[in-house]
Amino acid sequence: MIKISLKNGKEIEVEKGLKVIDIAAKLSISLSKKALGAVVDGKVVELNYKINKDCKVEILTFEDEEGKKILRHTASHILAQAIKRLYPEVKLAIGPAIDSGFYYDVDAEFSFTPELLEKIEGKMNEIIKENIKLERFELPREEAIKFMEEKNEPYKVELIKDLPEDSIISFYKQGDFVDLCAGPHVPSTGRAKAVKLLSIAGAYWRGNENNKMLQRIYGTVFEKKSDLQDYLKLMEEAKKRDHRKLGKELDLFSIHEEGPGFPFFHPKGMVIRNTLQNFWREMHYKADYSEIMTPIILNEELWHRSGHWDHYKENMYFTKIDDGNYAIKPMNCPGSILVYKNDIRSYRDLPKRYAEMGVVHRHEKSGALHGLMRVRCFTQDDAHIFVTKDDIADEIIKVIDLIDNFYKIFGFEYFVELSTRPEDSMGSDEDWEAATEGLKNALKMVGLDYKINEGDGAFYGPKIDFHLKDCIGRTWQCGTVQLDFQMPEKFDLNYIGADGEKHRPVMIHRVVFGSIERFIGILIEHYAGAFPAWIAPVQVQVMNITDAQADYVAEVAKTLKENNIRVECDIRNEKIGYKIREAQMHKVPYMIILGDKEMKDKNISVRSRKEGDIGAMSLEDFILKLKEEIDKKISHV
C-alpha cells in the first residue's frame, strides 16, 4: 500500500500501481466523471498515469486552470485530425493550449475561410462523437525523425531535430491520426463536448519574421454547450468594447504604419492620460514618494552591470552616440539606482521612495502588437524603494495598501499571484528564498489569498502580481511588487547604519498601472468608453434648441470652464434630438440643454448619460453636484 496526500490535507492509502482515474473514483464517482488529469508531486499528468510511491495528488477538473489546459490541448489535436481528414496535404506545425482555448498553426497552399472553418468544425464534432481513445507511445530520436519524415511533416521533423540526440520522443495516437506531443491529454476525444472555431490569423513559424508565414486557426472548448454559449456571448460583448474600435470612434488615439507599436494620443486621449497621471501623482505625494525623471537613453555599460544585457538584450533597442554604445531603456530601475547612488545615505533616510513616470521601449514582434495592450513604447509608473532588511514587510504592506486603494477607485476586483524564480535568473538560492519568504509574509500579514505562479518572477527577484477583473469577467495583469537583493549588490548600494558602518539596502520595484497605455486600453474596455465623469475627456456638452440661445450657451460654458469642468458646446443648426443622440454616442456624462425657458429663468435643463432627463436646476447647483462627483472620483460601471 502507498500513502496519497490530498489537497485538503487528508491522507488515504491505496494499492501500488493504481491509475489516477482509479484514485479519483475512490474519492467520489462524480469526481472521477469530471476528472481531466491530476497534479502528482507538482507534475501535471493524465488520468492513465500509474502511481507507485507515496505522493501528493490533486485531481484536476475543468474548474482548474491546469484541467482546462489538458482539455484544450486535446481539442487542438482534434482540430489537427479534422484538418488532416479533410485536407491530407496540409502540413502541421504546433497546436498548444492558450488562456482562452487553443490554436493550431498549419501550412496550406490555400487560405482558410470562415466557410472552411465551419466544415472543419463539423468534422471535429464527428471525431468527438467517435470518442476515439488517445494513446501515448515513445520512440528514440532517430526513429521519431524517420516516422515524421514518412508522414511528410517537415515542421515536426525540425522540432525533433532540435532535441538532444539521446531524447526519447513522445507521440499521441487517436485512431488514424498521430501527433508529436509531450501531453498530457484526456483519455478520449468524447470529453471535448463543445468546440468552436473562432478565427484565423497569420503567424510566422517559431515566431521568427524571417520564416514562412503559417495560418493559425483559433478555437475554444468547453465541457457543456451552455458554457460555450455563455463564452460566445462574452466574446460578442468584448468585441463591442474593443479599445481599438472605441479608441477610433471616440477619437482617443491612433496607430500608424509609420510607427507600428508606437501609439499617437489625440487631444481627448491626452485628457484621460493626464487625468490618470495627476491622480497618480496626488496618491504618491500623500504616500511620501518623491518623483524623479531619468534619461531614456543610457550607456550600454549600465545595462551590462544591471544584468539586463544578459537577460533582456533581445527586447532592447540600441544606438550609437559619438563613439559610444548606448541603449534605449527597457526598464527604469537602473536610473533610480543612479539617483540613489548620487549621495551618501543614512538609515535615517530610509525608506527612500522614488516614483517615476518613465518612458520605456521594448521590442515586440509585429505579430504580437495589439492596440494599446501590446506596444513597443509605453510609460511605466515605476517606483523603486530602498529599505533596510528590517523594514521589508512594513514597506511591502504599504505598497499593497496603495495598490488596493488605486484599484478600488476604478471599481476593480483583483486576485493575486506570487511569481517565483525563473530559470533565467541571477543571484543565490539563499537570496531568492529570503525574498520569496518576505513577499509571502507580507501577503499573510494583510490577509490576501494568493496562488503560486512557478517560475514567472523577474530575473532579479520574485514578485507579487495583481490581476484585475473587469466588468465582463476578464482578467488583466497590471500591478507588481518585486523584492530585489541583486541590484543593490551589483551597483554596490549602501547606507550608513546606526552603528556607523556601511550596510546593503534591499530594493523594492513596483508598478500600479503597469503601463499607462495598457491601463487606458483596459479602462476603455471596462467602461465600454463611457468613462466616469472624473475621467471623461468631455464632462459636459452644452447645446441650444434654437439660434436664440447661442450666447447663453457660451455664457454657461464659460462658467463651467471657470470651475475647471471640461466642456464642449454644440450650437449647430441641428434638431435637439440629433444633438442629444450624438452626445450619447460620444458617451458624454452630462448634457445641458438650453431653450427659451431656461434662458428666461436663468437656469439649465440637465440630461445624464446614465439616468436620462434629470430636469431643471440652477447652474450653481449643477456645478456643486458635478464637482462633488468628480472630487469623490465616483466610478460606477
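The chain as shown is numbered from 1 upward.
Cβ coordinates come from backbone N, Cα and C, glycine included.
Checking the candidates H256, H266, H284, H384 against Swiss-Prot: the one annotated together with C333, H509 at the Zn(2+) site is H384.
Taking every protein chain shown into account, H384, H509 are the binding-site residues, and of these the Cβ with the most other Cβ atoms within 10 Å belongs to H384. The record gives C333, H384, H509 for Zn(2+). Within 8 Å of the mean position of their Cβ atoms, the other Cβ atoms in that chain belong to M331, N332, S336, I337, D382, A383, Q482, D484, M487, M507, I508, R510. For C333 (Zn(2+) binding site), the count of additional Cβ atoms within 10 Å of its Cβ stands at 23 [all protein chains shown].
In this structure, H509 (Zn(2+) binding site) is part of a beta strand by DSSP.
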